[in-house]
Every structure is written in structure tokens, then in C-alpha cells.
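Taken from Swiss-Prot as is:
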BINDING   C68, C72, C75  [4Fe-4S] cluster binding site
BINDING   C112, C143, C203, R275  [2Fe-2S] cluster binding site
DOMAIN    53-271  domain 'Radical SAM core'
Amino acid sequence: MDQLATQIDGKPASIPAVETSSSLEEAKIIYNLPFNDLLFRAQQVHRCHFDANAIQMSRLLSIKTGGCPEDCSYCSQSARNPTGLKASKLMEVERVLAEARKAKEGGATRYCMGAAWRNPKERDMEAVVAMVEGVKALDMETCMTLGMLTPEQSERLADAGLDYYNHNVDTSERFYSEIITTRTFEDRLETLANVRDAGIKVCAGGILGMGETVEDRISMLVTLANLPVPPESVPINMLIPIPGSKLANADPVDPIDFVRTIALARILMPRSHVRLSAGRTEMSDETQALCFLAGANSIFIGETLLTADNPGEDHDTALFRRLGLKPMELQSSEAGGCR
């Protein structure tokens, strides 16, 4: 890590693979490097493990919307936030699979299914398992986000062939209780451990723009990087202020700060896919381009992201053409060694 923070006469130091644990102080030094140096180093690390011009394409479907009992301050789906969102029942399996087929036709290689639950009930597990098995039969990667999981539920999803489980930590441990009180930071880490122990890959990241400090953002990434095995996928979301939610009037995130966070995620977790997730509709094409330069190599495609707007596929296709980017093929979605 010391090599990464070394700078001599403005010239960047050599870039070792960052495979060891990271401290908050080391991460702060890296984050605060001159912007050009930070992006240069992040791009070097990125090219060491991935095709720098390939972007992994995922599609996210809400299979059960609204009515969640949690009190997450940012969320349109919390029953405690008067956002006007109507709750729905769990979607039928065949409808989910029909949407998955459309996603594959649109270029997605990973299909993510999200349910607004505190945790899945046993009565719903059979349908959830059938969804995983059905999507796997389409030769797509599968991901689910269903709330907290027990070890037994994790094992059942693993047996069905689930590739990834998403469970974000959202923010730093210090700031966490300012955003959510109905489950603890440790609860989230426990679910991540259950998923990992079952052999499912982990997808875990957070949200920027909830009133946290820059140090909170850095701390969140250090927590993820220092898990026994870092997440294979790290979604970085920009808050979408939802009318009726507690964060409806939150101040926007500075785009340069957002790009710095992407770069730090890439350097601290060099083998992870760093996903430019919610909030892309609020980003300029130039900001997104800087994020890709900083090491982001995954996006959600489609016009909606759970209940939020997302750039349309035509816009993403045009942006990729302008930047010379290409969809990542399924067989190349694993990180390679330093080349």
C-alpha cells in the first residue's frame, strides 16, 4: 500500500497488486492524491486485471415492490416513508423469466432480482429458487437481493445455482445508524458472511450523498476491502432523492468526489467489478466517462432500476460508441491476473 501513496516529483510510483488489508489512513492518502495521479493509478490497477474497455452489463428487476418494514432513509420502498409507492406481491416465476429473456436479448449477461423484504419468508423460497434455476437455464449469471439471509436460506440459494447475492452495507459503520435503525451494520456483515460461507459470490457496496462525510465513504470501502474475501462486485450508488423519503432534500454529490470514490474502490479491490449503479440519470456523460476511466466496469441497463429511472439502452449504446467501450462477454467476466 505504501507504494501506491508514494509520489516523487509528481511522477506516479509503480503499482503493485493491492491484495493485502488496507487501513483507513492509507486509503485517505490515496483518495486525496492529485486527481490526475489518482485516476492514472486506478487505471493502471484496472488494466492489470480487466480489459479496460469492456463493461459488464446487468439488468435489475423488482420481483416484489414496496411495503418493506425497514426504515432506510433513502428508500422509496420503505413502508415508513410516505413516497406514494404502491406495494405489490411477489411476481410470478414465468413473468420473471420472460423479463430475463428480454434482458438477454438486450445484451445483459447477468440478471439481478430484488425484493423489498426485511428477509425472505419460507413460503416464498420455492418461487425464488425456481427463478434462479430458470434464469440459469438461459445461460445468464444470476444475482438476488432479498434482505437478510440465514445460513439455511443461503445454502438453498447456492444449491439452486445463485451466482451473486447483493447486500449493501450502504455507508460507514459510524454513520450507519443515522440512515437505518431497524437493522444494524453487524446484521449486514452477518448476511454477507452467510452468503460467502454458502459459496455464493458477494455483491456489496453503498450509497453516496446521504449526508455522510468523505471519511465515511472511505471507511465504507475499507470495510469492504478488508472482508475475509472482498466482494466480487461493488456497486457504488449516487443517491436519488425520493420525494417523501427522509433524504428528499439531500445535497447532491460533487461529481469529482464521486469519481474519486470509484477510483479508490478500484485500487482497494482490484479484482472486483466496480458497478456504476443508481444515479446515472443525474450524471453527465462526462462524469460517467471519468468513472469508467477510474475503473468502473459494470452498469445496469434498462430504463428502470427497481423504482428509479435509469438511462435508456439507446443512450448507453450511443455513449459506449463515443467512448469506444464494449459489453463484457460472460466468459471474460472473471478478473484476471496482472498482465
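Placement of Cβ uses the backbone N, Cα and C atoms for every residue, glycine included.
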Binding-site residues listed as C72, C112, least Cβ neighbours within 10 Å: C72
Env. residues of [4Fe-4S] cluster site, Cβ within 8 Å of mean position of C68, C72, C75 Cβ: E70, D71, Y74, S76, Q77, S78, R80, N81, A116
Secondary structure of C72 ([4Fe-4S] cluster binding site) (DSSP, helix/strand/coil): coil
For the binding-site residues C68, C75, C143, C203, the one whose C-beta sees the most other C-beta atoms within 10 angstroms: C203
Sorted by sequence, non-C112, C143, C203, R275 residues with Cβ within 8 Å of centre, [2Fe-2S] cluster: S58, L60, R110, T145, Y164, N166, S233, P235, S298
Distance, R275 ([2Fe-2S] cluster binding site) to C68 ([4Fe-4S] cluster binding site) (CA atoms, angstrom): 25
Secondary structure at C143 ([2Fe-2S] cluster binding site), reduced by DSSP to three states: strand
Chain-internal residues, separated by at least six, CB under 8 A from R275 ([2Fe-2S] cluster binding site): Q56, S58, G205, S233, V234, P235, I236, A296, S298, I299, F300
